[in-house]
Protein chains: 2
Amino acid sequence: MPRINAERLLSELRRFARFGAHKTGVHRPTYSAEDMESRRWLASQYEALGLDAHIDGVGNVFGMPRSPRRSLLIGSHAESQNHAGWLDGALGVIYGLEVARAFAETPDCAELPIAPVAWADEESHYITLLGSRSYVGDISEAEIANAVNVYHGQPLRDALKAAGLAGIPRRQAEPERHVGYLEAHIEQGDSLEATGKRIGIVTSIVGIWQYRIAFDGVQNHAGTTRMAIRKDAGVAAAMLAMAIAERFPQVAAERSVWTTGRITLEPGAPSIIPGRAEMLFQFRDADVSVLERMDVALRDLVEQTCARSGCSAEVERTATGRPWVMDQAFQEALEASAERHAPGMHVRMPSGASHDAQLVARKLRAAMLFVPSIGGISHHWTENTDDADLVLGCQVLADAAETILRTQGD
Amino acid sequence: MPRINAERLLSELRRFARFGAHKTGVHRPTYSAEDMESRRWLASQYEALGLDAHIDGVGNVFGMPRSPRRSLLIGSHAESQNHAGWLDGALGVIYGLEVARAFAETPDCAELPIAPVAWADEESHYITLLGSRSYVGDISEAEIANAVNVYHGQPLRDALKAAGLAGIPRRQAEPERHVGYLEAHIEQGDSLEATGKRIGIVTSIVGIWQYRIAFDGVQNHAGTTRMAIRKDAGVAAAMLAMAIAERFPQVAAERSVWTTGRITLEPGAPSIIPGRAEMLFQFRDADVSVLERMDVALRDLVEQTCARSGCSAEVERTATGRPWVMDQAFQEALEASAERHAPGMHVRMPSGASHDAQLVARKLRAAMLFVPSIGGISHHWTENTDDADLVLGCQVLADAAETILRTQGD
């Protein structure tokens with residue numbers, strides 16, 4: 001049985017959090033200097049394990065075993081949201097490294113090939129799940145050519161060039177080369193903590209549908225334009241946000257969630273009636289028919305808002321992620337391993353968050369493991385997980401990896 | 001009677017619009033290179049008229065007659081809103097210059113002293129009405145020291161230094177030196193155009209009360225945080241905006257206006273529940289009791305929004321401008337002049353927009369003249385006024401200036 005090195009695991013997690021350290025979290029946007037430094041560091045660690053290490057054309061870092069046997073891909077994404085937590089993504093990446101090290105050090109596991117991986121831009125600085133989408137062939141060169149950073153507008157092509165990735169091929173999935181893919185991640189919610197569980201085995205990952213909604217009204221002077229003749233795009237945006245808050249509970253399912261993450265009024269000055277308002281809106285569910293119902297409701301509410309506000313609107317669906325069910329045999333391996341190390345303290349659960357595993361699952365058998373998030377907090381620099389849970393999660397993953405390679409591998 | 005030079009007036013208005021030209025409008029933020037260039041150009045034109053020209057410590061440009069007689073101050077503000085119209089402010093500045101030139105050229109008017117002036121930052125890049133507030137002694141050094149650019153955050157002190165204004169005294173109003181102040185401006189609304197009038201004589205200027213309202217909720221993951229436990233600051237902001245839209249028509253007066261010019265959600269990412277939302281809100285009326293009623297209603301609605309959303313809020317009133325009545329004798333002089341040049345095509349009206357005249361009126365007798373805005377559009381680069389109206393307005397102003405200096409002056 002592979003024994004992970006708890007001290008090394010915790011120390012490497014903390015070492016990795018120094019790339020872009022921000023308060024007790026990290027600020028490591030995709031392709032930033034800190035992000036690329038962290039990827040080069042990972043490649044050097046993979047290399048030191050005797051793996052064929054390389055960074056591909058979108059920044060995905062692979063440590064490919066030289067063994068002819070099919071390997072188990074293990075990882076997550078290396079970058080962070082802006083000014084966010086130290087474990088989101090990094091946890092699964094460092095678990096992949098630690099499991100590879102533990103296998104290499106365990107005599108009867110050394111011949112079981114582990115391929116650690118770190119994906120790029122799961123966190124949507126340019127394109128949501130860019131690295132894993134690229135890996136499974138779900139992205140076109142045109143989409144890459146048109147993408148810009150959602151915060152500061154830098155073209156993706158320029159960012160890739162600045163990161164030294166221009167001209168490097170994007171590695172494509174090789175189903176014949178891998179037994180499958182495992183990803184560990186913090187839960188990012190409070191349900192493990194609230195029920196006293198320490199390990200979550202993911203049954204399915206929700207689909208996320210994302211929208212850019214723009215209202216066009218008439219920009220004018222905020223003092224001389226009578227209320228009666230205004231077409232205020234900002235009022236239209238607020239109207240839609242409130243209509244969603246009132247209607248969605250009726251069309252959504254029990255576990256559905258929806259969020260307006262950004263509202264931008266143009267020109268944004270105190271004495272000017274906003275002529276344009278843009279909203280970034282998304283919803284999530286594990287059931288496609290529920291997603292479709294919410295789509296219909298949204299479009300209906302936008303139409304009503306236009307009629308009431310006198311503004312016109314454009315609705316663009318920018319992402320249509322489908323829900324994905326995790327591999328049954330892999331789930332069983334994770335569950336058996338969890339039961340060995342933490343009897344009765346594990347649970348099967350859907351993932352409300354999107355993960356690279358849902359993309360990789362299109363080409364490889366895939367499964368995911370969750371560890372608890374303290375207070376359910378994530379996407380914030382105060383995000384954290386108990387050290388004991390960090391260690392337990394990695395050991396459960398390592399054992400499950402052994403089971404999978406022995407029972408499902410060559 | 002002073003005869004203005006129509007061709008020169010139009011040509012100088014167009015020349016002035018080249019400072020920061022943007023499409024058919026201008027982008028000339030306070031203390032930008034283009035703004036300072038335009039101010040130095042004005043000073044050189046004042047100088048060429050034999051006036052004592054200088055730029056004071058906040059960028060106000062004065063052309064002070066060397067005559068011992070009391071002069072009539074005529075002007076407006078020189079900077080523009082971002083990417084806005086060519087006439088807002090500039091019209092009154094160039095009218096001041098043209099009237100000074102016309103008086104200098106008219107033998108029996110040459111001894112009547114005109115003092116052209118161009119105020120700074122009426123348009124709130126740093127502090128609303130900064131130049132005229134400074135002139136009437138309504139601003140402290142502390143306020144100047146704390147002010148930053150509302151769009152990009154540069155401290156006002158740094159901007160003044162970069163503009164070469166550090167250490168220059170701020171000129172204070174000298175009531176004994178002036179008969180009063182006249183300001184011409186585009187209407188910025190559509191009421192002149194809609195009623196077929198060509199000149200508006202301003203009776204009073206509305207007071208503007210301005211607010212920064214911040215909601216604090218709990219930032220969290222947009223996929224894993226159940227709807228029931230969210231404290232979404234963005235939803236709170238939308239809730240308040242809609243509550244204002246519903247309640248304000250009941251507490252406001254007929255001509256009151258209110259506007260949310262900006263909404264900012266933090267951190268502003270599609271997959272993060274906004275932990276903080278900030279709104280810039282303002283309302284206007286010519287009656288203080290109506291302003292007070294709207295203030296009470298706003299605070300009440302913020303409290304209700306906190307109770308409903310689970311968020312907390314801070315309300316900061318950032319401006320408390322009081323309404324101001326224009327000088328009666330000056331209004332009569334403007335009206336008589338308008339009647340001579342455009343019989344029956346003028347009207348007395350309140351100003352829904354804020355103007356430097358409301359500040360200057362604290363120290364000097366003051367009045368204002370409006371020319372029509374095509375389509376009522378302003379604060380946008382498509383802002384415009386018919387050439388014939390541009391010429392008429394300046395001639396009416398020049399005649400009224402003569403009347404005022406002859407009947408109210410030394």
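Positions of Cβ are set from backbone N, Cα and C atoms, glycine also.
Just so you know, TrEMBL annotations never went through curation; they're auto-generated.
According to TrEMBL, the protein has these features:
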- B:His77, B:Asp88, B:His185: Zn(2+) 1 binding site (BINDING)
- B:Asp88, B:Glu123, B:His379: Zn(2+) 2 binding site (BINDING)
- B:206-306: domain 'Peptidase M20 dimerisation' (DOMAIN)
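Structural mapping of features recorded in TrEMBL.
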residue: B:His77; record: Zn(2+) 1 binding site; DSSP class: strand
residue: B:Asp88; record: Zn(2+) 1 binding site; DSSP class: coil
residue: B:Glu123; record: Zn(2+) 2 binding site; DSSP class: coil
residue: B:His185; record: Zn(2+) 1 binding site; DSSP class: strand
residue: B:His379; record: Zn(2+) 2 binding site; DSSP class: coil
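Residues B:His77, B:Asp88, B:His185 make up the record's Zn(2+) 1 site, and a Cβ search at 8 Å around their centroid adds B:Ser76, B:Leu87, B:Gly89, B:Ala90, B:Leu91, B:Gly92, B:Glu122, B:Glu123, B:Ile186, B:His355 from the same chain.
You'll find the Cα of B:His379 (Zn(2+) 2 binding site) roughly 8 Å from the Cα of B:Asp88 (Zn(2+) 1 binding site). Here the Cβ of B:His379 (Zn(2+) 2 binding site) has 29 other Cβ atoms within 10 Å, regardless of which shown protein chain they belong to. Among the binding-site residues B:His77, B:His185, B:His379, the ones with a Cβ under 8 Å from a Cβ of chain A are B:His379. Counted within 10 Å of its Cβ, the other Cβ atoms near B:His185 (Zn(2+) 1 binding site) come to 29, all protein chains included. Here the Cβ of B:Asp88 (Zn(2+) 1 binding site) has 27 other Cβ atoms within 10 Å, regardless of which shown protein chain they belong to. Cα separation, B:His77 (Zn(2+) 1 binding site) to B:Glu123 (Zn(2+) 2 binding site), rounded: 8 Å. For the domain 'Peptidase M20 dimerisation' (B:206-306), DSSP puts the residue distribution at 41 helix, 34 strand, 26 coil.
Neighbour list (B:Glu123 (Zn(2+) 2 binding site), Cβ cut-off 8 Å, at least 6 residues apart, same chain): B:Pro29, B:Thr30, B:His77, B:Glu79, B:Ser80, B:Gln81, B:Asp88, B:Gly89. Every protein chain shown contributes to the tally, and the Cβ of B:His77 (Zn(2+) 1 binding site) ends up with 28 other Cβ atoms within 10 Å.
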